[in-house]
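Going by Swiss-Prot, these are the annotated features:
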- Gly2: N-myristoyl glycine (LIPID)
- 40-59: region 'Disordered' (REGION)
- 73-118: region 'Disordered' (REGION)
- 75-84: compositional bias 'Pro residues' (COMPBIAS)
- 150-181: region 'Disordered' (REGION)
- 232-273: domain 'CHCH' (DOMAIN)
- Cys235-Cys266: disulfide bond (DISULFID)
- Cys245-Cys256: disulfide bond (DISULFID)
Amino acid sequence: MGSAESAEARRVSFEMDEEERVRVLQGIRLSESVVNRMKDCSQPSAGEQLVPGFGPSSSAPVPTVPLPAISVPTVPAPTTPVPTAPSSSVRGLPGGTCKGPLTDVKVPSAESGGGLQSSAVKEDLKKFQQEQLAVQDEMVRVAKKEKEAAEKHLKASLPKKKASLTHEQQQSARLARELEDREAELSRRDTFYKEQQGRIQEKNAELYKLSSQQFHEAASKAESTIKPRRVEPVCSGLQAQILRCYRDHLHEVLLCSDLVKAYQHCVSTARKG
């Protein structure tokens, strides 16, 4: 286009106004229709989302995009669209790419952003699953270690318990034998004491019988040798008087002294006679 009317194509550059919109191409004023098209192209679609790292909030420096060589005819026609410079999306500003022969710069779309988010979620899920598996493995390892320690402790304490049990059984058997021996000794002594007691009782019975027999024989012999004799009391009258005097004079017993002297004289006389 324009090659038939212009024998030579020249390179052009663009300039921007305060709103960063292309207005001038090497001193050539753009038409209003071209400006409107650029406005329409620079508006982002409703379903389009900002891609992380490509918006204006990104702190990365914006690379300088060289302007491609565009052939411009010497006599521009108002109805013919003139090639425009790259839109703000090429410079890193938010917005979509314009449909036109401007540049071939590829910007990540919403689908690519969703893919990045999905991959990030998958990575997080994979990391979480790996951590969970690691925790489960650690728990299994700890449980196995505790089980091994318990089994080891049980195995170590089992011989001691067995030896202690054997010792207790031996001691119980020894004590049982000693108890049986003690019971047998007590039974033997009980039998011996009963025999001795029986013998002593028999001997005592024989002695009692013999002593009783001897006593009766001696009593019979004494009765046969000793003759009985009647004895009358001596001075019985004086005895009665003395007792009556003492009874009547409890606090004056000296009053009975004459009776006592008479009783003594009577007894002496009876002994002499």
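Even glycines carry a Cβ here, placed using N, Cα and C.
Shown here: features listed in Swiss-Prot, placed on the structure.
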residue	record	DSSP class
Cys235	disulfide bond	coil
Cys245	disulfide bond	helix
Cys256	disulfide bond	helix
Cys266	disulfide bond	helix
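Across the structure, Cys245 (disulfide bond) and Cys235 (disulfide bond) are spaced 16 Å apart at their Cα atoms.
The distance from the Cα of Cys266 (disulfide bond) to the Cα of Cys256 (disulfide bond) comes to 16 Å. Annotated pair Cys235 (disulfide bond) and Cys256 (disulfide bond), C-alpha to C-alpha distance, rounded: 16 Å.
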